[in-house]
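Under the heading domain 'Deacetylase sirtuin-type', Swiss-Prot lists 10-285. Per Swiss-Prot, the feature NAD(+) binding site maps to 50-69, 132-135, 217-219, 243-245, Ala261; the stated evidence is sequence analysis. The feature substrate binding site is assigned by Swiss-Prot to Tyr94, Arg97. If you look up Swiss-Prot, you'll see His150 marked as active site, proton acceptor. Taken from Swiss-Prot, the feature Zn(2+) binding site covers Cys158, Cys177, and the record attributes it to sequence analysis.
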Amino acid sequence: MMKLKLRHRRLRKFRKIKSLRRQHSRCRYFHLTHKTEHEMNLPKVVVLTGAGISAESGIKTFRSEDGLWEEHRVEDVATPEGYHRNPKLVQQFYNERRRQLQQPSIQPNEAHYALAKLEQYLGKDNFLLVTQNIDNLHEKAGSKHILHMHGELLKVRCPQSGQVFEWKGDLSTTDYCHCCQFPSPLRPHIVWFGEMPIGMDEIYHALAQADLFIAIGTSGNVYPAAGFVHEARLTGAHTVELNLEPSLVESEFEEKHYGPASQVVDAYVHKLFDLINDPKADLTQ
C-alpha cells in the first residue's frame, strides 16, 4: 500500500514537472515567434561613416588642401614604407592623435547618438555600422555592432602574430609584444595606404543583404569604401548620402541631404523611425 502511494506521488510530481516544462516551452516559443515576426518587418541597414561625422566633435581630418597630414606627407606617416623608413616619426604622429582623442573635450555629437539609437531599435542582426574613422566616438555614444575598417587609434598590433591589444598611452619603437617567441615591435592598429582594410568579407555580405545603405561624412575618394554605394545598389538597396557637401560619388545615391552631420543625421534617423513604424510607408520616399 505504501509503495502504491509513493508511486502515485511520484507520478503526480512527474506530471506537474512535465506540465511546467510544456508551459515554459510554449511561452518561449511564442516569445521567439513574436520576436522573429517583429524583426522580419525591420529593414536591414548598413551605415558607412567617415571623417565628416566626427569633425563637429573636434576631431581633425588632418588632410589639408595640399594633401599634407599635419604638415607630413601621407607617404611618410600612413604607409608601410614610411613606417619602415622612419618608425619613430610614425609613432610620434599617432601618439599625438591618440592624446588628442582622449582629451575631455572630445565627445560624441548628436549624429553619433542618433546612430546608436538606430542600432538599438533595429538590433544587431539588422544593423551594421562600418566606419572609416579610427576614433572611438561611436563606442562612446553607445554603438555596439561596429566594424572599424581602417583600424583603431586606441589599439596596437603585433605585426608577427596579428594579435591586437588595447593601448591608451604613447607607443615607442622600444615597445614589443609578449605574444611571440621572438617579440616584435608593436605598431599602431591602423590600416595604412596599400594595406587591406579590415572585415571586407563581412561588409560585402552585409551590403548584399541590405535594404538601406547610408553614407555619412564621407568624401568618396577612398576605395574600397567609395564603392560600397554601388555594391548596395546592385542588390536593390535604397541609398542615402548625408554629408556636409556632395561627395565624389554623389550621383550614385538616390536620396541626398546636406548639412552638418549633427543635424542631418539626427533628422534622418527620426524620419526613418516614422517610416519603419508606418506599415504603409516606403523607405525609398
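All positions are counted from 1 along the displayed chain.
A Cβ is built for glycine as well, from the same backbone N, Cα and C atoms used for every other residue.
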For this session: Across all the protein chains here, work out how many other Cβ atoms are within 10 Å of the Cβ of the residue listed as 'active site, proton acceptor'.
Result: 21
Seminar exercise, completed: Closest by Cα to Gly217 (NAD(+) binding site), out of the recorded positions Tyr94, Arg97, His150, Cys158, is His150
Problem set entry | Which same-chain residues, if any, lie at least 6 apart from Tyr94 (substrate binding site) yet have Cβ under 8 Å of it | Val77, Leu153, Leu171, Pro188, Ile190
Exercise. What's the CA to CA span in angstrom from Gly50 (NAD(+) binding site) over to His150 (active site, proton acceptor)?
Worked result: 10
Seminar exercise, completed: In all the protein chains shown, the tally of other Cβ atoms within 10 Å of the Cβ of Gln132 (NAD(+) binding site) is 22
Exercise. What same-chain residues, at least 6 away in sequence, bring their CB to under 8 Å of the CB of Gly58 (NAD(+) binding site)?
Worked result: Gln103, Ser105, Ile106
